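> Under the heading S-adenosyl-L-methionine binding site, Swiss-Prot lists 565, 566, 567, 610, 637, 638, citing sequence analysis as support. According to Swiss-Prot, the feature compositional bias 'Polar residues' maps to 421-430, 471-481. Swiss-Prot lists 555-676 with the feature domain 'SET'. What Swiss-Prot records for 195, 250, 281, 346, 383, 388, 392 is phosphoserine. The phosphothreonine annotation in Swiss-Prot covers 252, 344 and is backed by experimental evidence.
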């Protein structure tokens, strides 16, 4: 055994020397009392030994009691002459190595002693078996042979004890040498394979693995029980001492004392500096707008970053001027895209109209009627104004007067027939006003025929004659205005309401009579919508169902006989989905009366199932069609995957059950619907309800 022992104090010299002498005189016999006493003294000395004391030495148990007093006093005086543990100031990690070593050695020696004792027991058992065989073979042997065999067995036991004592002494010497080498080498680390501690652990593991399995143990002697309790006591005291120590883990268990195993490889190479370029001008690179930019973008020009071309070239784009139309014809729903698209010049230099903003086109009245009203309504002769009552703004180009003059126009001045247009006023107006009122210009397109020109002249003459007849009446101050209105709006106003276009045998109205405007319906017919709302379609469908019920309609049906079912109904013509097929006709009764009829029908085995229960407006009803009335609705069979469905139709405050096509039905297909009865009693009497 090896222990760490503090040098004995003078007060305890007698006790320690007497105990040491007793132990040395008698040697170390293997019995029950001696190991326990030695272990107790050893653990007690270890518990009170300080790891940082310089007077701690390594010694054997047998040498502890044999030290003379002079030697002990010399060691007390000269501490430096002795052999210290490791370094002058031993740390906790170094002393823990010794403690762990003691634990491992104690466990190894216990296992070795157990192995030796078990081997001896096995040897004795084998000899006993041989003796038993000899006794069985030689029944007539005397009792003296048995005594000799027992004597031989008893002689083997002291011999085994002596062998154990020598082996133990040899192990103690080897362990002492290993501990000294460990302390000099600082072999507390198990990381290196050259460490003595590592090699000792490997040897112990190999010895444990090489131990043979013991087949059977009959007895456990008292010394083995003492050694087992010794190991338990040593482990308990060592754990108790560790619980009171300052540190609870060795350097290898403490994560803060371990070497780092993870390293972070961070790329610290400098990156290229990114640059941001701010443009102070509104620049576009070949952008094509489907609509002109808003005014807000023009106001924010030069304040925010805009689109920059990829090649880095900056080309300023001059934004064109857009005229905002304020009249009604520029609405988005009107189909006119003048206010929503940009006019891009074509290669020929002529303006090209783009696709309207909305996919549909709604016909609106002529813009001349919605524009601002002009006082005279007619143009002066020889004026350079490109607009005229005949031309609307959407037909005129928006460039210059030279472009407008490209279109040939023919102006007809009729000064002679215009004389009767002026009424006789009480006070003659001035010459300038009279000249403005006398000048009436009628503008016609080149595509008008020569016959239209003659009709216009005749219309002017006729209007002049009517004007003369009106002037015969007493003229007043307001007659001039009324006359001008009647001249500008004659009888064609009535023709608008009478007919949409020219009737047969009646010539078209002259342009002068309508102030140079034609009706929109002369060129485009009025589009009438034939679409219906969902509510209107449903109402029409319900009216059709009511009409079919009132007519008791049952066409397209045929009665056939089916094997295992009886009679059934087959479609004789195709039926569309949700189309009326037939009505389930019977007696409409209450629930109470239906219960009484069921009891009465239960007595008749031949009575079928013809009672249909349904709910309408939170009230239960029943239609009893048990009585054969010749209606086909009662003959339609059951199927959980039927092609008909029921619907309640209310006619004159009375609910009716009608059968509608659930899907498209082809001719020759059997008509079925789901009865909906899933009760156990019904399935017991009518199993076909499950299919």
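Positions of Cβ are set from backbone N, Cα and C atoms, glycine also.
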> Within 10 Å of each Cβ, count the other Cβ atoms, then let me know which of the binding-site residues 567, 638 comes out lowest.
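Per-residue Cβ counts within 10 Å for the binding-site residues 567, 638 bottom out at 567.
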> In the same chain, which residues outside the set 565, 566, 567, 610, 637, 638 have their CB within 8 A of the centroid of the CB atoms that define the S-adenosyl-L-methionine site?
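Counting only non-site residues, the set is 562, 568, 608, 635, 636.
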> Looking at the domain 'SET' (555-676) alone, can you tell me the average pLDDT?
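Its mean pLDDT is 91.
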> Just how many other Cβ atoms lie inside 10 Å of the Cβ on residue 637 (S-adenosyl-L-methionine binding site)?
17
> With helix taken as DSSP H, G or I, strand as E or B and everything else coil, how many residues of the domain 'SET' (555-676) land in each class?
15 helix, 54 strand, 53 coil
> What count of other C-beta atoms do you get within 10 angstroms of the C-beta of residue 565 (S-adenosyl-L-methionine binding site), across all chains shown?
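The Cβ of residue 565 (S-adenosyl-L-methionine binding site) has 13 Cβ neighbours within 10 Å.
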> Around residue 566 (S-adenosyl-L-methionine binding site), how many other C-beta atoms are within 10 angstroms of its C-beta?
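There are 10 such Cβ atoms around residue 566 (S-adenosyl-L-methionine binding site).
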> In Å, how long is the longest CA to CA span across 565, 566, 567, 610, 637, 638, which the record gives as the S-adenosyl-L-methionine binders?
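About 14 Å separates the two most distant Cα atoms.
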> Counting across all protein chains shown, how many other Cβ atoms sit within 10 Å of the Cβ of residue 610 (S-adenosyl-L-methionine binding site)?
17
